[in-house]
Amino acid sequence: MKFKGKVAVWFWCILIGGNALTIYELFFSRDSVVELVGAFFIINIVFLPMIIRNYAEIDYDTLSIYFGFGKDSMKTNEISEIYKTHNPIASSAASLDRIVIKGKKKEMVCAVREKDKMLSELLKKNSKITIY
């Protein structure tokens with residue numbers, strides 16, 4: 001089952017604002033065209049994949065989180081607890097409405113639109129998960 005990732009307004013503002021500023025400067029600052037074109041491409045290479053490839057997927061016995069160029073996965077039977085966080089330093093999420101999925105050996109962070117549906121699906125796979 002696939003759960004679409006959440007993208008917050010502030011994340012869109014960073015992408016659109018960065019692009020708008022770069023395009024504005026391209027029209028009015030002819031002396032630094034190469035740097036501005038480079039900045040435009042870097043902004044889009046970094047931020048667009050985070051919007052396009054942003055989802056969590058629960059397969060037979062594995063939870064996988066896809067975010068930009070990255071992928072992280074964990075067996076559902078290894079998940080011990082799940083809790084909400086608004087920590088801005090936590091990665092793998094384009095929204096501050098995040099959940100931390102804690103396993104035996106690692107933690108994963110994601111932000112999905114259908115959080116309750118995802119949590120109930122995980123509980124079906126592993127009833128020992130504690131949700132805070």
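From the backbone N, Cα and C atoms, a Cβ is placed for every residue, glycine too.
Keep in mind that TrEMBL annotations are predicted by a computer and have not been checked by a curator.
What TrEMBL lists as transmembrane segment is 7-27 (among others). With a cut-off of 8 Å between Cβ atoms, the residues of this chain six or more beyond the transmembrane segment (7-27) that come close are 33, 36-37, 39-40, 43-44, 47-48, 50-51, 54, 94-97, 111.
Annotated transmembrane segment per TrEMBL: 33-52 (among others), in sequence order.
TrEMBL lists 57-126 with the feature domain 'Uncharacterized protein YyaB-like PH'.
Averaged across the domain 'Uncharacterized protein YyaB-like PH' (57-126), pLDDT in this predicted model comes to 92. Across the domain 'Uncharacterized protein YyaB-like PH' (57-126), DSSP classifies residues as 14 helix, 33 strand, 23 coil.
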